[in-house]
Amino acid sequence: MISPPLVITSEEINCLIYSYFQDCGFNHSAFALRNEARLQNSPLSQKHIPRGELIDLLSKALLYLEVEAHWRNDGLTTNCKSGFSLIDQHVCSLDAPEERANSVQDNQMDIGDSDSISTHGITSSMANSSRPYATSQPKDLPSRNGPQTNDTKALSHNSHRDSPSQSLAPAPDANAKRKTSPIPTEGPVEKRARHTSTDMDIDGFSESAASTTHDLSLKIETSRASTRNDTRAQGPGDNKTDPRVVLLLPGHQTEAFTLYFIIGEVFVCAFNPKMHNLLASGSKDAIVNLWDLSDPPTNPNEFAESPREPLALDNVSRAVQGDLTSLNWNPEGTLLAIGSYDSILRVCTNSGSVYFSHPQHQGPIFSTRFSKDGAWLLTASLDGTTCLWDVKEKRLHRQYRCHKGGYCCLDIEWLSGDTFASAGADMRIFIMRVDEDEPVKTLVGHKDEINQIRVNPSGTRLASCSDDGTAHIWRVDNIDEVADSIPGLSASDHGVALKGHTHSVSTVGWCVDHPAGTNELIATSSFDSTARLWDSVTGECLHVFRDHKAPLYALTFSPDGKFFATGSGDGWLHMYHTRTYVRIWSWFAGAEKPGVFEIDWQEYDGVNRIAMALECRQVAVLDVNKLDAFRTAASLHPGERRTASRIEEVNV
C-alpha cells in the first residue's frame, strides 16, 4: 500500500507562525502577517490551532534530526553530548557543552558592550527609546519578514466602515489580553516583543529578575506544559466547600445551533448596577449574553439554580476578529456600552435592543466608560484617539488626538462630571475636559506603556500602572493651579511611585475601606504572578501575595473594601482579607484553558457574589455568603491580625 504524499502548504505555515506570534504577544507582527498573507480569506483561519503548536512541531523535528544523525550507533553517536539546535549544524562530540565554552567564546565576534544586546537581538537603546517609532524600514537594515508596515497606518488604510473585518488587529491572546499597541523604537516595528522582566530598565528590580534570560516563547511553553500536566478538577481549593457555591453558566448561544455551544473564551463580565440580577458577559465569539439570575437562596443548604437561556444581543460583531474587550453599564443600568476589536462602538439597552452604534474609530476599542451622571460616554482605541459621545443625542461630541506619533490609547477614567484622564502607549496621561480640545494637564513619569488608570473614591488622586513594573499615584485635585495652565508645561510631581513588581503591572484598584486616621490602600496585580497591597500615601508595600503561579489578569475589591479577589492564567481565583492579608478561599477553573480573565464583585441587600469571565469558555458566579471561610473572616475584629495562618487551608 502506497502512503499518501506528505503535503505542507505555505498557507499552513503562515497560520502556524501567526498563531505563534499571538502566543508570544507579537501582535504587530501577527497583524502584518495576517494582512499580507490574506489569512482572513483562508479556510484554515477558522481552524483551532493549539497554543504552542509550532514549538511542539519544531521539537518533534529536532527529535527526528537527532535520530537521523545518530543512526550509525557507533561510539561517538551513542555517547554524543552535543545538543541539537534549529539554527546551528550538529556536530557529534563526547564533551559536554560547558566544557567547550571557552573554545567557543574565542571564536565569537567582538560585539563591544555586551549589555547593549537584548535577548531578542535588538539593542537596548532601540527597545527603550522614547522617540516615536520609525515609519519606514531603514535602508541599511534588510527585513527578515519582508517589507515593513506602520501598524497604525495599516489599520487606517485597511479600515472600511462597511467592511469591519478588514480593519481588525489580531485577537487578544490569553497572555496579552488587550495589548496591541505601537512601541517607540528606531528599528522595524515588527521587532518589538511583549516585555519580559529582562527587557525593563527599572530601578529597584531584583538581581535575580535582571539575570533571567529565557526567551518569552520558552516561558509560555513551559507554563502551558505545566498547566497541561495539572490534572486537578475544576472546583474549590479546599475539601470542605460544596462545589455548588459556584454556578457555571453554560456558554453562549449562536444562531447556528439550537443547543448551547461555546465558541470562544469569555473575556469580560459586568453586573448591572440597578437590575442586580442582570449579568452581561462577552466572549471571543463576539457574542454578548444577558443573564437573568435569580437571588441566591438564603438557606445555607440550598444553592442557586441555572438561569434560563440568556438573551443574546443582536448586531454584535460577526467579524472573524470581533473579540469583545469591554462592557460598561451606565449608572442607571439602562444602557450597556460594548467595545470590540472590530472598531465599532455599540450601545445596547438592558432589554437587548441596539440604542446606537458608530464606526468612528479606526482601530480596536479597548475601553468604554460612562460618566458618573450617564450623560457622556468615553471610548479608547488603538487608533490613538479618545472619543466623547453625547449619550442622549447619540452622536460624537469630540474626538481627542492627544496620543500622537502612532501611539494608542489604552485606558480612560472619569475624574468628575466634565473631566477625564486618558492613558496610552506613549507613557503619558492626559487630563481632558469635555469642552476643550487640548489637555489641561499632562502627567509624565512612566517609562513604558500605561495599562490602566483608576481614580480614588474622592476623586482627588489617580493611580496608574504600567509595563515598566511600577504604579504611580498622581494628584488630580490641583488641575486648576496656575502653573499647570501654562501651555506645554507637564506635571511630573506625582505623589508617590510604587516599586517592587518585577514585570508589567496589569491592574490597579483602590480600597474603599478607609477608616478615619488611616491612609488609603491600593492594590496592584502583575505579570510577575504576584499581587501587592500598598499604602498609597507613603508608598510602603504592606504585603506581597504570592499564591499565583502565572500572570495575573484581574484584581477586584469587594464593594465594602474588606476583601479582594485575584484571577490568573494559572486558573485560580484567590480571595483575601484586606486587613489581615489572609487568603480565605480559592477556586480552580480547570486545567484545560484555565485563565480567569475578569472579576466583578456585587453586594446588595444581603446578596454577595462574584462573577468570573473564564478562558474555559464559561461564566462562573460565586455565592460568597455560602463560604464558611468568608463568614469567619467577616467576623474578625478590625484590629485582629492573623497573618501567620490561613483561615481556610487551600491546596493550590
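Glycine residues also receive a Cβ, built from the backbone N, Cα and C atoms like all the rest.
Those TrEMBL annotations? Automatic predictions, nothing curated.
On a predicted model such as this, the values are computed, not experimentally measured, just so you know.
For 115-138 (among others), the entry in TrEMBL reads compositional bias 'Polar residues'.
The feature compositional bias 'Polar residues' is assigned by TrEMBL to 145-157 (among others).
Annotation source TrEMBL lists compositional bias 'Basic and acidic residues' at 216-231.
Taken from TrEMBL, the feature region 'Disordered' covers 99-242.
Summarising the annotation, TrEMBL assigns repeat 'WD' to 266-294 (among others). For the repeat 'WD' (266-294), the model gives a mean pLDDT of 93.
Per TrEMBL, repeat 'WD' is recorded for 358-399 (among others).
The annotation repeat 'WD' is assigned in TrEMBL to 443-484 (among others). Across the range of the repeat 'WD' (443-484), the DSSP-based residue counts are 3 helix, 20 strand, 19 coil.
For 498-544 (among others), the entry in TrEMBL reads repeat 'WD'.
For 545-580 (among others), the entry in TrEMBL reads repeat 'WD'. According to DSSP, the secondary structure content of the repeat 'WD' (545-580) in residues is 0 helix, 19 strand, 17 coil.
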